[in-house]
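Undergrad: Sharing the features that TrEMBL gives for it:
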BINDING   LYS274, ASP279, ASP297, GLU358  Mn(2+) 2 binding site
BINDING   ASP279, ASP356, GLU358  Mn(2+) 1 binding site
ACT_SITE  LYS286  active site
DOMAIN    354-361  domain 'Cytosol aminopeptidase'
ACT_SITE  ARG360  active site
Amino acid sequence: MTALTLSTAAVAGLRADAIVIGVAKSSASKPGGPVVAPGAEAVDQAYDGNLAGVLETLGASGAEGEVTKLPAPAGFKAPLVVAVGLGAQPRENSGYDAEALRKAAGAAARALTGTKKAAFALPLADAADAGAVAEGVLLGAYSFDAYKDKGDAKNGKNGKAPLAEAALLGGKPRDKAYKAAVERAVAVSEELNRARDLINTPPNDLNPEAFAAIAQAAAKEHGIKVQVLDEKALVKGGYGGILGVGAGSASGPRLVKLSYTSSKAKKHLALVGKGITYDSGGISLKPAGHNETMKCDMSGAAAVFAAVVAAARLGLEANVTGWLALAENMPSGSATRPGDVLRMYSGKTVEVLNTDAEGRLVLADALWAASQEKPDAIVDVATLTGAMVLALGSRTFGIMANDDDFRAVVQEAAEEAGEPAWPMPLPEHLRKGMESSTADIANMGERMGGGLVAGLFLREFVGEGITWAHLDIAGPAFNEGGPFGYTPKGGTGSAVRTLVRLAERAAAGELS
Ligand code: BES
Ligand code: MN
Ligand code: ZN
């Protein structure tokens, strides 16, 4: 990953390959060309105070994500200035929004692929801004090239290495708050990028066993207790949901429990992740066009894994337990059939009407397992339904909960993290559609409101009296479009930063 430092160096004498500055759109009250953001004063002076004019000549407007490259002024050691758009100027007396800084830093880091060292002279009003820029750089510079020939120039951008070094100017390297903000950004971004790697890894290389082994090794490294239930242990424990989904695969399912504990913990947060390493749909096979990206169906488990490790690295004063429900959903002679009834870990029976509604089955067992410890709250994360993508689009995840206040807490955590999220209801009338003539419940209900139906199903497997929220990240987990801001193509690491914020709230005793 990109190496990060806080620096007080003067920009002109800085040995770097590029200087990154911010440029904003002119405000409605003072229309005109683009506006150079604070932090770039010395650069502006070197252009005789006419940097805004130069940028306007080059066609820059300051729009979010816009990147304009220009030669550095005479006397600068760095040869290149990269002006990155911050979008609208902030209102008077307030600084730039952390998310605007994160996105701009990410867009600049992407534009600097193949560059060795860049200095970032973006507007930093406080330590939190430094943390946001650091996150933007580290997340934006991410690339997944494990399967590419790195020596092959024909690979174009993929052949170039990500930005190697970034110096953040305008921060206070000796200030405790700045140092802590950058350290936090490094820990969270490293784990988030690891989650992206797991999501992007092809399913022939990442099956449940391989995922469990990676989680086990990382847990050991960070002093996290880890327990892996293999097929034999799952049979013994009666985990019918996880076993039923994994039954068709040559690679058996796993349930991984990661326990990070702090002696000073006041709260216990349990995180549950859907970890379908490949979702073919099973016997209810997905048609071509719907299965090419289904390696991403373990994004919830990847997010939970990343958040627990990040909590450990940050030494948060909370207990955070992660449950990874890992299985591969495949059709075969041993696969669960539509019409089969599974006896779940909770003891309830489920009639499987559609084997492609598998996420709720593995989550049901993991939610019930998590409930046995009576945590203060459970949050599950899953690429659960196509219906949620239809409802909220490809960048926003849905939040459902059995408690309005807790849903608002999760929503606030997402806002603080800079992740688009929206509250969704759990309408009671939709429960009827899941009535089964054979079992306690069916794994499918009405098609309309399918994301909410899935949420209602999960709710039945949360222990009595336990506060619970469900994040359906089917839209934002995997970016099929081009990269934007600090979000790459492919696995995005959706929900990691929201979960870390929740763990931090738990550490502050403010969970619910
Ligand atoms: N993994 C899919 C949901 C999904 C869809 C994730 C698109 C990411 C992008 C899930 O297991 C699934 O197949 N859900 C079905 C449920 C239905 C059969 C009730 C769906 O949404 O169609
Ligand atoms: Mn499915
Ligand atoms: Zn799935």
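Our numbering is plain: 1 for the first residue shown, then up by one each step along the chain.
The backbone N, Cα and C atoms fix where each Cβ goes, glycine too.
Remember, TrEMBL labels are computer predictions, not curated facts.
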Undergrad: Taking DSSP three-state, what's ASP356 (Mn(2+) 1 binding site) in: helix, strand or coil?
TA: coil
Undergrad: Any idea what the Cα distance is from LYS286 (active site) over to LYS274 (Mn(2+) 2 binding site), rounded to a whole Å?
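TA: Cα-Cα distance, LYS286 (active site) to LYS274 (Mn(2+) 2 binding site): 18 Å.
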Undergrad: Looking only at DSSP and grouping its letters into three states, which state does ASP279 (Mn(2+) 2 binding site) belong to?
TA: strand
Undergrad: Just to confirm my parser: what is the rounded mean pLDDT across the domain 'Cytosol aminopeptidase' (354-361)?
TA: 98
Undergrad: Could you check which of the binding-site residues LYS274, ASP279, ASP297 is the closest Cα neighbour of ARG360 (active site)?
TA: LYS274
Undergrad: Ligand 1: which of the recorded positions LYS274, LYS286, ARG360 have a Cβ closer than 6 angstroms to it?
TA: none
Undergrad: Centre the Cβ atoms of ASP279, ASP356, GLU358, go out 8 Å, and tell me which other residues of that chain have a Cβ in range of the Mn(2+) 1 site.
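TA: Going along the sequence, the neighbours appear as VAL245, ILE276, SER280, GLY281, GLY282, SER284, LYS286, MET294, ASP297, ASN329, THR355, ALA357, GLY359.
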Undergrad: When you measure from the Cβ of ARG360 (active site), how many other Cβ atoms are you left with inside 10 Å?
TA: 28
Undergrad: Taking 8 Å from the centroid of the Cβ atoms of LYS274, ASP279, ASP297, GLU358 as the cut-off, which other residues in that chain fall inside it around the Mn(2+) 2 site?
TA: VAL245, GLY275, ILE276, MET294, MET298, ALA327, ASN329, GLY359, VAL362, ALA382, THR383, LEU384
Undergrad: To the nearest Å, how far is the Cα of LYS274 (Mn(2+) 2 binding site) from the Cα of ASP356 (Mn(2+) 1 binding site)?
TA: 14
Undergrad: Under DSSP, is LYS274 (Mn(2+) 2 binding site) helix, strand or coil?
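TA: It is in a strand.
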Undergrad: Rounded to the nearest Å, what's the C-alpha distance separating ASP279 (Mn(2+) 2 binding site) and ASP356 (Mn(2+) 1 binding site)? Just drop the number here, would you?
TA: 8
Undergrad: As a check: which entries in LYS274, LYS286, ASP297, ASP356, ARG360, the recorded positions, place their Cβ less than 6 Å from an atom of ligand 3?
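TA: Listed by sequence, the hits are ASP297.
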Undergrad: Hey, of the recorded positions listed (LYS274, LYS286), which one tops the CB count within 10 A?
TA: LYS274
Undergrad: Do any residues at least six apart in sequence from GLU358 (Mn(2+) 2 binding site), in the same chain, have a Cβ closer than 8 Å to its Cβ, and if so which, in order?
TA: VAL245, ILE276, ASP279, GLY282, ALA327, ASN329
Undergrad: Just name the most isolated of the binding-site residues ASP279, ASP297, ASP356, going by other Cβ atoms within 10 Å of its Cβ.
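TA: Comparing Cβ neighbours within 10 Å for the binding-site residues ASP279, ASP297, ASP356, ASP356 has the fewest.
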